[in-house]
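Report on one structure; see the data block that follows.
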Amino acid sequence: MNSDTFIDHPYLAIVIAIVISLVGALAIFALPVAQYPNVTPPQVSITTTYPGASAQELLDSVIEPIETQVNGVRDLIYLSSTGSNSGSVSITATFRIGSDGRANTQDTQDRVNWALPQLPETVQREGVIVQEQSGNILMAMTLYSPNRSYDTLFLSNYATIQLKNRLSRIPGVANIQIFGGSDYAMRFWLDTDKLAAMNLPVSEVVRAVQNQNLLVSSGAVGAAPNLPGEPLKYTVRTRGRLTDPAQFRDIVVRSTPGGPQVRLGDVARIELGGESYSTAASLNNQPAVMLLVYQQSDANGIAISDACRAAIAELSQSFPPDLACGFQYDSTEFIRASVRDVAVTLATAVALVALVTLLFLQNWRMALVPTLAIPVSILGAFAGLRLLGYSINMVTLFGLVLAIGIVVDDAIIVIENVHRLMVEEKLAPREAASRSMRQITGAIIATTLVLLAMFVPICFLSGITGELYRQFGVTISTAVLLSAVNALTLSPALAALLLKPDMVESRFFLFRWFNAGFGAISKRYGGGVAAAVRRVLPVLAVYLVLTGAAVWTFHRVPGGFIPEEDQGVFFAGIRLPPGSSLERTEEKVAELSAIFKKLPGVRDVLAAPGFNILNRTPAANNAFLVVVLEPWDRRLKRGLSAAKLVREAERASFLVPEAFTMVFEPPPIPGIGTAGGFNFVLENTAGSDPDALGAALDAMLEEVMANPKFTNVFTTFNLNCPYLKLEIDREKALRLGVDLQSIYSTLEGTLGVNYINDFNRFGQVYKVELQAEPGARDTMEKIRRLHVPGSGNTMVPLDSLIRLSLHTAPEFLSRYNLFLSAELQGSPAPGVSSGEALSELEAIAARTLPPGIDHAWTDMSYQQKLAGNQALPVFALALLFIYLFLAALYESWVLPFSVILAVFPSLLGAAALLTLTGIADNIYTQIGVVLLFAMSCKSSILIVDFALQRSREGADASAAAVEAAKLRFRAIVMTGAAFVLGTLPLLYASGPGAASQRSIGAAVVGGMTCAVLFGVFLVPVFYRICRRGAGG
């Protein structure tokens, strides 16, 4: 590119810069905002119910047929399922990151349809629901009556009809789950004593309802084909489905000629009740209905949140009196706060870089040139993000923060060289700008292409790591590419336009002090670099020590994946002793809710007794809490981080010893699992015996809980849930003329819930269900008092046909990739990285697990193991690309080493600062190291490129190296200081998203500091060695 065109026509350069800035500014308003890029694996959930079935029966009759068909569907990475003794089935298919969620859902639906004929008839009637699902709880809201004017049944159905149906239509909403109350149902509460007295079996009641509550199409009078001349047509309508409890009471159950009629109201209490009474909900111990909003994996959370809030605001205007709806938890608050904090960091970095530039250049005209490069490059990068379909997220914002210290480099080089020529050669600004560009255009293009080449290998990475690296690399590359364009167009044009030939040295005392100090440093540096070039062997020895120390220190930095963040919320899973009733669970949950609400920094406590959030299945003895914390600015001033409050909640939970409480933070990437920490799965690959799996789990759990590297370790696997085993004397039943099916239907219609058919009301379809009164099924003895029809129109006591005994069985049974499984969850202890925790778990598994019991990873742990140690090959490939590019640029296989070898000591600074700050080597530090390599090479090129020019003019390699080092020393220190200070706010970040900011900040601040300190001495030495080795 010929810069003279823009020097002669500065308005052209200025207009180009303005256009880039305007397009970028417009792109900001069009870009979606998210916490992370779309790195959540799409999930499809398969749910159904089989009332009355045990966990083992669900595995055998429902889960196994479905999983057999779904296994192997396109892009599937793992399959997990759970069946509970409540009769519920939950299967989750997790797919490859980047796959099409809608296509995954359709493929899964097709496979489920293949399995339907193999499922029990009851399951087919209940229905199998297949839908795209996300583990990301986007929002939690409650509907409640402040003065308790409405019960939870009304609240639940109001939420379903008025809220859920509206919110489900918002684009990006995957599912809305309601806790507390249930859908309406027409409930028949049977009086079993009256049935026995009337010799009336349950099956006869069911048939009567089926025959008298049904849809009827009666046809029409006069419909075609009809007789000629028929003038009118009438549709015939009859009362089919009933709608009112009074209508159901009038159903004739038995009618005999000349005898009394028995109506349904004679043997049952009929009411408009709830379909299920298995869950409850509360807000700060006030009855409420909780709605959890889940988002699709590729949806924009902030857009969904805004749409939900707008919809509720509109709907609330028509709420009946004493009804309120509130958003207690909104995960996008963390996203908004994180993005806001990074934006503040961005502005702080701009100010710091501008001050550094002014300090070195000491003239507002000169400082203005590189400062203007910042908004043009940064705003232009937003246009690049928009063009590529990316979002404004933590990764892209980190890229922009780091880019601030980079984009000024080229402009600084331009203005510094123009000023040098004006001073040393007494050139006019226009001539100095033109000559300067002829000298440094090659270096600018070379350093830009080197940085771009650094990010080429990351485009080939897959998974979470690949997507995060890719978006970071694209953001940096776009900004740097635009900064190079600025340096070749706008910067020389502004230099020729703004600089004056009669500019005098500033008399400001701070500048004078700085010049005196920097002059002394430069003088000592000149002597030092000359001595270093003369004493090659000692310098190489120091280099080897530095490189060895860097490798050793980095090896000792604990490994991690995604740092845990304070997201303003934590969860608690609660489990009471097996067999505990829902009422008992509610009592203990109320105690825990009150305790947690009193913790400092806690704003609200939402509770849902009767549901296990970890495996998403209902269970009367389980519950989960959503503990919402106060805003970050109010908490963190008092030292109340989410991690600290989790520890406080763990200690406080011991005040309720009857409830085993598992307290955990949400996962660092929303939608990948339910809890943070690790997710370790034991698989029984040798069979399907839960006892063998339980024994292996207990042995491993004992050792893990005793290990100081782990904290908050728990499992939901439990073999000791009590149940009644009912054995039928089949021979006696046949002798007495008792049909086995009548026994089963009696049990189903009294102890269980018999779903008969449906009815319509409020524009919805609800179930008609039959069950015995609570008093007829509250003890074992009540089962014995039931009667079943025998021969000769007699009723046979059930007690004479059955034998009851108390046993224990698993509360839940799970499978992972078609094997019976049990999951172990927990967190690394403070100071222990996730990488260390996973390695230690694998070592414990190798020692304790018997043959036939294998292990696997799921959720975030799976992604971390899948990513593996990709850093080393990425670093190697990045350096290889740089080497090849430099080899082509310098037309030498040896000279590129003078640039690349200077990279490694910078790792010492990164590793040392990571160690001092206690930060793990996670994905953000690795991103920082990749950028660090590029910046180190960029600084080295400034020396090598000028030294090569002097060598080609006939200078000795040593002399050329020393001269180039002295000449470029100020520019290198200036650009290095600008970069370090520009990224320093990341290192001292606090608040939401601080862990990620500190991770990347520590790597680049420490690394770049060492890159400048050591590189200015090492590069000239390497140049001398390589130049002579290449025969120069």
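Just so it is clear, glycine is given a Cβ too, placed from its N, Cα and C backbone atoms.
Nobody curates TrEMBL annotations by hand; they come from automatic prediction.
The domain 'SSD' annotation in TrEMBL covers 363-497. The transmembrane segment feature in TrEMBL is assigned to 12-34, 342-361, 368-388, 394-419, 440-464, 476-499, 532-554, 871-890, 897-917, 923-948, 969-988, 1000-1023.
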Requested in this report: Could you tell me whether the transmembrane segment (342-361) and the transmembrane segment (897-917) are in contact, taking contact to mean 3+ Cβ pairs under 8 Å with a sequence separation of 6 or more?
Outcome: no
**Report entry** Contact call for the transmembrane segment (440-464) against the transmembrane segment (923-948), three or more Cβ pairs under 8 Å
**Finding:** yes
Query raised in the report: In terms of Cβ proximity under 8 Å, which residues at least six beyond the ends of the transmembrane segment (368-388) contact it?
Result: 17, 20-21, 23-28, 30-31, 346, 350, 353-354, 357, 361, 396, 399-400, 403-404, 407-408, 410-412, 414-415, 474-475, 478-480, 482-483, 486-487, 490-491, 494-495, 498
Query raised in the report: What does DSSP give as the helix, strand and coil breakdown of the domain 'SSD' (363-497)?
Result: 120 helix, 1 strand, 14 coil
**Report entry** Tertiary contacts of the transmembrane segment (476-499), as residues 6+ beyond its ends and Cβ separation under 8 Å
**Finding:** 1, 3, 6-7, 9-10, 12-14, 16-17, 20, 365-366, 368-370, 372-373, 376-378, 380-381, 384-385, 399-400, 402-403, 406-411, 413-415, 418-419, 422, 429-430, 432-434, 436-437, 441, 444-445, 448, 451-452, 455, 931
Report task. Could you tell me whether the transmembrane segment (532-554) and the transmembrane segment (969-988) are in contact, taking contact to mean 3+ Cβ pairs under 8 Å with a sequence separation of 6 or more? Result -> no
**Report entry** Sequence-remote partners of the transmembrane segment (532-554) [C-beta within less than 8 Å, at least six residues beyond its ends]
**Finding:** 901, 904-908, 910-912, 915, 921, 958, 961-962, 1014, 1017-1018, 1020-1021, 1024-1025
